[in-house]
Ligand SMILES: Nc1nc2c(ncn2[C@@H]2O[C@H](COP(=O)(O)OP(=O)(O)OP(=O)(O)O)[C@@H](O)[C@H]2O)c(=O)[nH]1
Ligand SMILES: [Mg+2]
């Protein structure tokens, strides 16, 4: 079609490159999930099926885009961190954002029956998305700390709120007013003294959210891992080029390293998580 008198309209399509050498963070969030969760009888405060479906979508995204090093999910949102040197789609903003969000959404719909079985989707869900660029590792770490702190605050509130309603017989209005102005310690006390619930005994998935990490593992490491969803191996690391003999010599010397996407529900605010994985921010 090139060369037609209509082709000039192409000049209205402007480039939208993302600044080089910065961390690309994509965050998506379920659109209208307050209603969707009610319409599909999500368990309150946390629906294991819904959270696992979110994790599945995020894993599909990470298996497709190998430059995503880390993802964090809670409730109806997921954040993805690309390595700062990524050249994906020449760092075109719209292309990266729309492809990530649409792949996640189609995975959510595609895999829905795997988690919700005979409970069918009543209408098509959608997710919004945004890209934020971060200049240094500090902002990236603080971003993930912010999201995990949010998970904690929301989950403590929701757990106490629904205990008051479901076990304490309060109306939702009463539960809201019971909790108004309370600090975290008071919510812990309500949970323990009224309902015998020790907040720290609640599943880590709910307290800490989901952390998907592209881990570098030796075969020995990998065999010791117990919590794992079905994964695809990334391309094994190792030098390309050189003769076959040189390559096989290398293989004999170095343990074979695989990058695999692992799911954790661990602390990512503390230094230890990042110290153990310096490559995430390199
Ligand atoms: N019962 C239940 N509800 C959930 C769960 N996860 C998410 N939700 C619902 O999803 C909402 C997500 O919050 P928001 O993203 O602020 O609300 P939203 O309705 O999606 O609004 P927009 O994102 O602005 O479109 C929560 O407020 C809950 O109502 C879950 O595991 N169980
Ligand atoms: Mg939402």
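Using N, Cα and C of the backbone, Cβ positions are placed for all residues, glycine too.
As annotated by TrEMBL, GTP binding site applies to 29, 30, 31, 32, 33, 34, 75, 76. Residue 30 (GTP binding site) falls within a strand segment according to DSSP.
Annotation comment: TrEMBL describes 29, 30, 76 as Mg(2+) 1 binding site. Around the Cβ of residue 29 (GTP binding site), the same chain contributes 76, 77, 127, 128, 129, each under 8 angstroms and 6 or more positions distant in sequence.
Per TrEMBL, the feature Mg(2+) 2 binding site maps to 29, 76.
Averaged across the domain 'tRNAHis guanylyltransferase catalytic' (7-135), pLDDT in this predicted model comes to 98. According to TrEMBL, the domain 'tRNAHis guanylyltransferase catalytic' annotation covers 7-135.
The domain 'Thg1 C-terminal' annotation in TrEMBL covers 138-270.
The feature region 'Disordered' is assigned by TrEMBL to 224-256.
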Same-chain residues at least 6 positions away from residue 75 (GTP binding site) with a Cβ under 8 Å from its Cβ, in sequence order, are 30, 33, 151, 154
Densest Cβ environment (other Cβ within 10 Å) across the binding-site residues 31, 34 belongs to 31
Taking 32, 34, 75 as the binding-site residues, the residues having C-beta under 6 A from ligand 2 are none
